[in-house]
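The feature active site is assigned by TrEMBL to 431, 863. The feature Mn(2+) binding site is assigned by TrEMBL to 622, 646. Residues or ranges marked as compositional bias 'Polar residues' by TrEMBL: 1-19, 26-40. The region 'Disordered' annotation in TrEMBL covers 1-40, 197-220, 755-775.
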């Protein structure tokens, strides 16, 4: 929670400076305080207050309003003794729908019912349970991790948490049922006694950390990082005067309390004098093994590849020099256009080819990962997972365009991923605020109770139920458990029912809303008649709301839009669908649906988030939604790593998360900003007509970039380091001088004035080398990140938890083993209220969110810009290609949809070129070849201008009877032959070291020309108009025609949708076909036929038409209706008839056909 009370011994430098800034600004100016009210509405209609209605807030700075949310004692909320567990409070919080925003009340609506169907999993919001037996109270009773009722009295009187606290605090500890005193008033003991069958190993009990206020547990930061005991006081303070955590961790053997890195042997809080201290030397007994390794391309492949690149560069240079010197005086205009185009093509090829000089492959070792992080060691005696937390982001915006079933299946694949349950959290961003998405998520959470344990029990792959049950291979292969067939049949039946419920949600919500609306109208009419007995009653008009399953208004977008309930105007919403799991494994039982005796039935944290939207605010589309998730997740779980997926990309390899973590946790992994996985697609036609798989980019270009500073970020399937998204520089960035001539002209190294422990949280200005920027950035943290001090305090925690293990002397900036085996923080009301505050529409005002921090705004392709900014600060990235595809998604197979997709990408590239994200302006930290790669990203759409001209040149040559050269002499043919052969050999070698197929390479070449003559040209025009004149142009569909064959899996491939993007390629095809006929006719009836010029023109025309062949097939529509051969034969017959007609009735002055046939 945003608070001004901090534990001075554990506060970070960031929070220290932020408080200083707040204190300085507080003395300058005061404004009207902003109210943040927090309450909960129960099913009976009463509100339980969690905070006072009017809060005193003070100005944090001139530009920011600081807010503080307290939890004062009220009749409904008495202060709880620290001995009473917060787990029941967490159940209440996770069953509440939190809403709020700017200048509005933050409320928590207690959801007794999230969906119409029953939910039984104890972690799920709205799970069924017993009601409180106290008269007048209908709240659910307390329950344990298995969902069983916690009954504090032997008489088994059912009582909820609030009534139990009232009985203990004000009722003398007397049970309302039997009127006898409670024997135990500690909910923790109740839970343990109720679940004796679960054996738990616990850490030695530690005293509560001290607090600056003298009591209580202090802030969240205090509970996470609190000093218990130390022996070397000289190491306790850094240069800023604050406690030096990192130095203390490595240079003392004291015990680091909640969040400790080293636990002393025998549970003693001793020092070196006791002989019980444990230090890093205990970890060096075994040989150190890396988690990843580089697989170099064989020299027999890469050496000829590099040699051919050099040869082709030389040949291209000589060829262009020859072309410039040997003009064609007969058609100087034709020669000029061709030379200009060829010069650009050579430049474009150079930009594309140079970054491919150093391709590499990588491999991971999951066995070593398990040995290091999940095997009992002296620092981790129980073998509990020491892996860092991971927050998964799924983004969706419109349930009509992105079917809820697809999104829910993606969520199920995340919940079933092979990663420690307590370390995994899934956040779903619904940018449309639709109740349909909300209830689809709730249905997914309910079905996960069956699906996730089934996947764990039988090692199911893939863990997307729709993909798994659609597999065409034998599902029973390699399944050894006897009950697999029975379990699979039952789960398949449940999944079929689940699909019916998901697909029926739109009608269900509509019918429910209509019924509640009719009830409200009847109620309003009755009230009107009672108030106006003798007057004429007019029809009552009530806004038609959208109703939730519990009979209350949906706070998001209504089916019939109204003020405060539309796509661009609604409150912020957070619902914890699945509360955080318990810290220890929770095994199922043999009773019920499946035999889950030895299966962990816990589910990861699942949170629904819909950020606040209001008119007048620029919400920045997907980038803004992702930044809202970054802030909300930092408040609620603060995983040091983030993996984002589109709603149609699911986890195909359940161990992909572990493979990505191998890179982050390996030596030098602290300098990695992200791990990019390749995109793989399903539902593509077998021939991949429009190069939807894009294998040349994902398997050639991205592997090649991996040998430089790393691949570009492509928008999905990317594992981020959280502090890299926060805009910080990589650790040890000052140790490198990556300038172009750094080997010859070394810069003088300045001695940094920043303490070593803060080097990993350095934020310089624009890639500069000034240390003043570092110190100044720390004092301006609130202006960079906003006013949430809890968010600011979470930054050093995320940085520390994201470090690799310090299990080898060569590992720099590491963390000791065992630091992340502690239980997580419990969710409370103030935490979720803070999350509501940071997703409000005003939070980013006058901060650096979107300009330096998080996903970057201002471009359609925010993904490329975000990755560019990280590389520009000196971070590196890694390309992780797994043996089994990590993620799979869908891609448009329709021609028009594919062109519009390419148009969006190209438009973003043009925007990048005309922005300050142009690679020409990159910092010296970016390597020269990486800079060339990013330069190519911004320049490639402009190739379309020269490509279209070059595609018309063969036709112009045939029409005019001239050619780009005066004659097809031997020199020209030799140059052309060498250039073509080297291109083919380079393609073959790329196929060899990348593993793609020749057909995939050819499909990519074809679509390069199709996209270059259509979408890329439109993107350039659109970008130029936007930059020069500020005119926004959108290319939309003008007409649509749908297919009627629902049984055809690829029916959408044959649907013809007209769009203006098709005009240039169609024109090129028609002009070249006509030019071929005209050229043949002219040559045949010419007195002196110029066969060399005809052959040159026809050859290049066929080159153009061969590349446009998939486009022509797309225009032909559905196969079966009009076979392709009909079009082919129609063209041949037309040409034959034309030639016969010319032969029968030749032009005047011609005496024979063809003249004399001879080559020059």
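A Cβ is built for glycine as well, from the same backbone N, Cα and C atoms used for every other residue.
Where the annotation comes from TrEMBL, it is an automatic prediction and has not been curated.
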Residue 431 (active site) and residue 622 (Mn(2+) binding site), distance between Cα atoms, whole Å: 8
Length of the line joining the Cα atoms of residue 646 (Mn(2+) binding site) and residue 431 (active site), in Å: 13
Integer Å distance between the CA atoms belonging to residue 431 (active site) and residue 863 (active site): 18
Close in space, distant in sequence - residue 431 (active site), Cβ under 8 Å, 6 or more apart: 395, 396, 397, 610, 611, 619, 621, 622, 625
Residue 622 (Mn(2+) binding site) CB neighbourhood, other CB atoms within 10 A: 20
Other CB atoms, at most 10 A from the CB of residue 863 (active site): 24
C-beta crowding around residue 646 (Mn(2+) binding site), within 10 angstroms: 22
